[in-house]
Each structure stands twice: as structure tokens, then as C-alpha cells.
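Visitor: Sharing a structure with you now.
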Amino acid sequence: TVVYHGAATVRFNEHIRAATAINVLGTREMLALAREMTNLKSIIHVSTAFANCNHLHIEERFYDMPTSYEEIIQLLKSKDDAELDALTPSLLGDWPNTYTFTKALAEQVVSKEGRGLPIAVFRPAVVISSYKEPVRGWIDNVYGPTGLMVGLGTGVIHTYFGDETHITDIVPVDLVTNALIATSWRAGTHIEGDIPIFNFVSSTQNPISWKTFHVLAHRYGPNWPTLHAVWYYFFMSFENPLCFTIANFLFHTCFGYIMDGLAILTGRKPMLTNIYRKLDKFADTMTYFANRIWTFKNDNTQMLWRSLSDKDKKLFFFDMAQMSWEYHAQALCLGLRVYLLKDDVDTLPKARRKWNRLYWLHIAVTTILSLITLKIVVTILRYIPL
């Protein structure tokens, strides 16, 4: 029996009680269950590369915390939800949300209660669409940069707060899966010593910035437009909070009200205003990650790769150093279109015609707005004495 414990709530704003029950107690119960298995070969606890995000350099080891999981569990038993809401900021301390905090606590559970088991901790970075398997571009969720790409491709997202030159840590789902399988083999054949930890990240061997990821996606994305597009692609990133707030108001809030108004007039369901409210909440939770740069040590992961036979390296490929970001980007937007937006490939001609109409509409609107702005500026300048 090989156990992969990846069950978790990944909602950043999950209530501390629910997050602890799923991420911490769930881990504890899984370890207890594993001890009762008569033919256990290995058990892998799937954590996250950002469980210890309060440290800017993250090594492949366990980190001390200012509180223990036992104390948190006892606290939850003695407090109601309202009291926990008030206590949560102080409980989190340097952690930005309940997700990363409880994942760190779960690692603490493994370090204390996992000893004696054929166990390892696997820490993947942000998981994105597949590189090659089962098919190129496969994805089934909108977490992280995937959601951003969907928003850009549908003409919903136009602004971003953060430094695009920052290196991001993203890893394709099929490479994650292959590394996870290899980790379970390693844990089952090398039981002696401390519990091993494997950081599976991209920045150490094959770094890519948000800007490069975005440029590559935009290079190939127009080949695969979607029928769900509401506007043509345009995108601006800001490091200045004031500039971002102004642009976000103009190109998200105002744009949303205008498009929803048109939807009501034409008998369709208004959706954009609600979407932008959710995006604003999501942007608030992502500010912490947008303004920080982490470095990772992944010696164990590199050693694991080198320990595989040539045959297994082909069968379970996960070497981030050999991965091509451009090759990945070529199928990225096609995967989003087919597997997330459920647009059949047969609709591509129709989608391209719509994308072309949106392009000319975008040109017309921006030209008109530019002329209006120029007229206003010229009028104002007439009344300013030189």
C-alpha cells in the first residue's frame, strides 16, 4: 500500500476551525490510519512550498513554529467561532492566511507523529497545466496563474498589482505527479534517518518571471480564442498602489457596470460586477505573495532525479531544469479553452471571428476615448496662462 495524503482545503480565507480540521486533524488521522496498515510501503504528505512562507529562504527541513498543533487544537475546543475570528490574526502571526498556517501545522504533525513510518514530505510550488501528460495543456482548476490566464483570455482581467519582474514558482501538474511517485519510491526504500522533505519548485533550476510567463502566454494565446470572451485582450501591471486603484476602478469596476448594463438591456444575465467583486477580494489575499520573492533549496529533489535509472527518467520525467517554458506555453491557452472553458475545438472558426470583431471594437472605443481625453486636455490648457 502506498498512501498519498493530499486532501486539504486550499481556500486562503477558510475559517481557522475548518482549516485546522481538514489540514491538521486530517493529517493526524491519516498517520494513525497508516500505522494500522499491515502492508504499508510508503506514505507521502503533500504540503506546499509556501507552508513556511514566513521565511524568505526555504530549505528542505522542518521549521519551528511559535505555537504547537496541540495548543491550536485545544484552543479550538474551548472557543466559539466569533472568539476564534477575533483571535485569528494573532494566531497567524507571520503567516498571511489560514491555509499556509495550517499547512505548516500539518508539517509539525508529520515531524512529531510520523516517525517510524516510511514517510516523506512533498512540497510542490503553484501547480499549473500539464507539460505533456496525459495531454499537453490539461488543467482542471483556476488557481494561481491559471485564473489570471483565463481572465486575460476572456477579456475580463485588465489590471494587475505587483512587480512582473519577480520570479514565480510554478510547476506543471504532470511533473508534480511524477516527482510525487518517485518520492514514494524513495520513502519506501530509504527509511532510516530523519523524515526527508522534497521542495518541488522551478525557481532554483529553471526560473521564470511573471512577465515572461505572461509574454509567452500572449504569444500563443491568440491562436486559441474562446467564445466566452467579453472583450479583447489588454493588460497593464502596476507597482504603485494608487495607480493600480485608479486603473482597477476604470477598467474593472466601471467596465463591469457598463457591460452588465448592456447585458440587462439585451436580456442576458449580468455577471461581471459580481466577478470583479470576487477578484478584488482575491487581489487582497494575493498582495502578500505579489510583493515578496522566495528562494528555495531543492538538493533532495535533484538527488532524487539523479538516483533514477534512465528508463525511469523517461517514464517519470520531472526534471525542471530540462523543461521548456515556451513548449509549455504553446498548449497552455488551448488547454484552458478546452478543459476549463469547455469550448470544443470545432468552434475555433466562430471564436476567431468573434475575437476579430472584439479587436476592432476595442480599437474604436480606445480611439474615441483618446480623442475625448485630448479634447478635454486642450480645453483645459486654453484656460491656463502660459
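Quick reminder: no glycine exception, Cβ is built from N, Cα and C everywhere.
Caution: TrEMBL annotation is automatic and unverified by curators.
Pulled from TrEMBL, these are the listed features:
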DOMAIN    2-179  domain 'Thioester reductase (TE)'
TRANSMEM  249-267  transmembrane segment
DOMAIN    251-343  domain 'Fatty acyl-CoA reductase C-terminal'
TRANSMEM  358-384  transmembrane segment
Visitor: From the DSSP assignment alone, can you count helix, strand and coil residues within the domain 'Fatty acyl-CoA reductase C-terminal' (251-343)?
Guide: 68 helix, 2 strand, 23 coil
Visitor: Restricting attention to the domain 'Fatty acyl-CoA reductase C-terminal' (251-343), give the mean pLDDT.
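Guide: A mean pLDDT of 90 is what the predicted model shows over the domain 'Fatty acyl-CoA reductase C-terminal' (251-343).
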Visitor: For the transmembrane segment (358-384), what are the same-chain contacts with Cβ under 8 Å, counting residues 6+ beyond its ends?
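Guide: That would be 155, 229, 231-232, 234.
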